[in-house]
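Asker: These came from Swiss-Prot, pasted as-is:
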- THR12, ALA13, GLY14, ARG166, SER196, GLN291: UDP-N-acetyl-alpha-D-glucosamine binding site (BINDING)
Amino acid sequence: MSPSIVFTGGGTAGHVTPNIALIKEFRKEGWNVEYIGSVSGIEKEMIEPLDIPFHGVSSGKLRRYFSLKNLLDPFKIVLGIIQSSLLFYKIKPDVVFSKGGFVAFPVVVGAWLNRIPVVAHESDMSPGLANRLSFPFVNKICLTFDAGKKYFKRQDKIEVTGTPIRQQLLTGNRMKGLELCGFNSSKPCLLVVGGSLGAGSINSCIRSALKQLTSEFQVIHLCGKGKLDSSLVGVEGYCQFEYANEELADLFAASSVVISRAGANSLYEILALGKPHILIPISSQVSRGDQIQNARYFQGLGISVVIQDELLKADVLLQALQDVMRKKDEIDNKIKALKIESATDKIVAIIKEQAHVQTPRIV
């Protein structure tokens, strides 16, 4: 009988894309693969093209701020644990891999209740709430940054591995990307990535500066689901998408510079592709500040140009783009010196190792 694995993680693309990289490796090796995500999260849409069984469970959002919805979330989480536990009793996988996000916690606990080993992964410099809560129930947690070790008590559970990178991103075709947008080679391309859910501040800034931007660049704008601007359809030198999946590799290949949020998964993919970039981390007012930490780290290495979200204006962005283009060769060399590699093989080895280990006592 073939070994089996269940993946979980969702809420945003950053909690799904590393899973996609790993899923493809396990399927190559003949493993049975299934996925547990939230009922209405983006993970279902992203996993669907892989043609693997997807199971939706209830999940609470684990908010860090007051909301009346917080009163219902504990009940949703308990329901998610029960649903996950019943699924695991039926599926009986050898191991579970969790990429975090609010759906992950009930799934991890459900696996623990069924004595199924769990490996988790944290991409950011400081762990998210789901991974902090999940830590007592996992066998191993893989970290992208060594700095993340200080947040966990049991150091024997920790492996610093880096981040899995989708290999298909490294094989994009520049001409296909240009054709997809109706562009040519007359100007460099600027790729704007606001995250899978979009980024209102980035979208507004790009559109307010569009005339100046298109005088220097051809602009590819990934603006998020439901965030397209119909008034800008047909504007020369501007192409907008809600989200890019299979096309993303070609869009990256066509681009000379990238504007992005500073989630660790997206950032590592940008670095693996060697793209000069501007990072606009999510404000600490609406997040735990993880993206700010990521951005500051690479800014300190002289690799990333960073604009704080609260300071984002058209003139600030245009000046930052000039700075990046002026220092492009220097930035290129610094990115190459990092030698960013995918952690897929390392993490696959850890998962296989844990697939033959009993689950830990809660500590």
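The backbone N, Cα and C atoms fix where each Cβ goes, glycine too.
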Asker: Other than its own, how many Cβ atoms are within 10 Å of the Cβ belonging to GLY14 (UDP-N-acetyl-alpha-D-glucosamine binding site)?
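Answerer: By my count, 25.
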Asker: Rank the binding-site residues THR12, GLN291 by the number of other Cβ atoms within 10 Å of each Cβ, and give the residue at the low end.
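Answerer: It is THR12 that, of the binding-site residues THR12, GLN291, has the fewest other Cβ atoms within 10 Å.
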Asker: Hey, what's the Cβ neighbour count for ALA13 (UDP-N-acetyl-alpha-D-glucosamine binding site) at 10 Å?
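Answerer: Taking every protein chain into account, the count is 21.
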Asker: Helix, strand or coil at ALA13 (UDP-N-acetyl-alpha-D-glucosamine binding site), per DSSP?
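Answerer: Its secondary structure by DSSP: helix.
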Asker: If you count Cβ atoms within 10 Å of the Cβ of ARG166 (UDP-N-acetyl-alpha-D-glucosamine binding site), leaving out that atom itself, what do you get?
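Answerer: Its Cβ shell of radius 10 Å holds 21 other Cβ atoms.
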